[in-house]
Amino acid sequence: MIDQETDGIEKLETGIPGFDFLSDGGLPLGRATLIAGTAGSAKTIFASQFLVEGIQRGENGVFVTFEEPPKALRKNMRGFGWDIQQWENEGKWVFVDASPQPGDRPIVSGEYDLGALIARIEHAVRKYKASRISLDSLGAIFSHLSDSAQVRSDLFRLASALRELGVTAIMTAERVEEYGEISRYGVEEFVADNVVIVRNVLADEKRRRTIEILKYRGTDHQKGEFPFTIINKKGIVIIPLSAIELEQKSSDIRITSGSEELDRMCGSGFFRDSIILVSGATGTGKTLMVTEFMDGGVANGERCLVFAFEESREQLIRNATGWGVDFKQMEKEGKLKVVCRYPETTNLENHLIMMKDIIQEFKPNRVAVDSLSALERVSTLKSFREFIIGLTSFIKQQEIGGLFTSTTPNLLGGASITDAHISTITDSIILLRYVEMYGEMRRGITVLKMRGSMHDKDIREFSIDHQGMHIGKPFRNVTGILAGTPMYTAQSEVERLSGLFDEKI
């Protein structure tokens, strides 16, 4: 058992990813915690995972079920890789089955024998030397009581019995609404020492799961709602954004962008641990920049990883081949890994966990994401910004160079790089733009931002052929390129304006 003491309160690590950070060390030892949520908010998974993590730490557990029979729970939890039947055989997990049995007549007020239930719980805890217990769900045993005072009295009696046993308990309770009354009867939260709310909110036709520690008697905890997700073979994974600290080291080492001309524009290349955002309209060359970024890394003996959310693997390989880059050979040599997923396959939290896992497993020196816009369209702005913060902070902690692409909504110009304003999070910004001149469509590139370094301020013309990107000379005597309204300015006017600035200086 791993205990921790905070503010005089001993704590038990739950082992649920992210929760022990939010709770400043885990659940208060020997106390009861209420997990409240609407149907489908993951209360039962939380209660089960609490016992699973305990077993993996050598702590036996008791699961008291009031709704689902043990057989159904065993089957439902098998998808997470939890073999409850085996743990039962080993005496590590025991059910106290208080669920309705076929043929049972409905309970009427005053008939439920709480004393008998408490006796069964006490017997199971003592026999199996359990230190953790989960009760799911309280509403099932108190639904026959119409008097809230009686509900409170019975709850207090149950909580007192658990406290006497010295076990750390999880009790789940049903909520009617995501925001409003904490519990169905309005008294459960007053009996429990701690209250945690899990939500599954529908916003903009998308589901978003969050967890909030509402009450933690006698000890500190993180405030507010935090996103979480449910993953096969893992269970609940909480993403505590407040755990992100700006303590990572900053490197002065430069890495190549894959283009000599762009390296010169950036003052000898990117910093090794920087996050670069490449923004431009469709077809301006963003994926080409990703390809050259990967090619430059592999040429220097670096391991490179690409997450593609718009194109299939075959398309990426074909496009790279067309620019003279052999992705297949790089993969054979183990220097490159290409991961292609459609954004719609899952939510952003799942994508983030998946990307973190792959980064930790492959251990790349460079990571590219093409494109953020594909992920932005399947999420809310809040979820998207949290995703970006979570991903960029993780990449920086690993001291990895990252290149993200973003598609601007306008073909010419653009008022904002993204609706989520992620430009403040990135270290460098490169803009790619179409430039319409004399009935011809050209391309322009500029380094808008390069944190900690001098860089070229010009907007330069570039072309694309079978050898990739070629950056040329600056656009001269042309204004309004970034706004999407390029206008030719006579040389005499340029000289006059330059003279005005010289006079002021």
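From the backbone N, Cα and C atoms, a Cβ is placed for every residue, glycine too.
Positions annotated as domain 'KaiC 1' by Swiss-Prot, on the basis of sequence analysis: 10-252.
Annotation comment: Swiss-Prot describes 253-485 as domain 'KaiC 2', evidence class sequence analysis. Across the domain 'KaiC 2' (253-485), the model assigns an average pLDDT of 91.
Cβ neighbours within 10 Å of SER423 (phosphoserine), excluding its own Cβ and spanning all shown chains: 15. Sequence annotations record features per position, and here Swiss-Prot assigns phosphoserine to SER423 based on a curator's inference.
Around THR424 (phosphothreonine), taking its Cβ as the centre, 6 other Cβ atoms fall within 10 Å, counting all chains. Under the DSSP three-state reduction, THR424 (phosphothreonine) is assigned to helix. What Swiss-Prot lists as phosphothreonine is THR424, and the listing cites a curator's inference.
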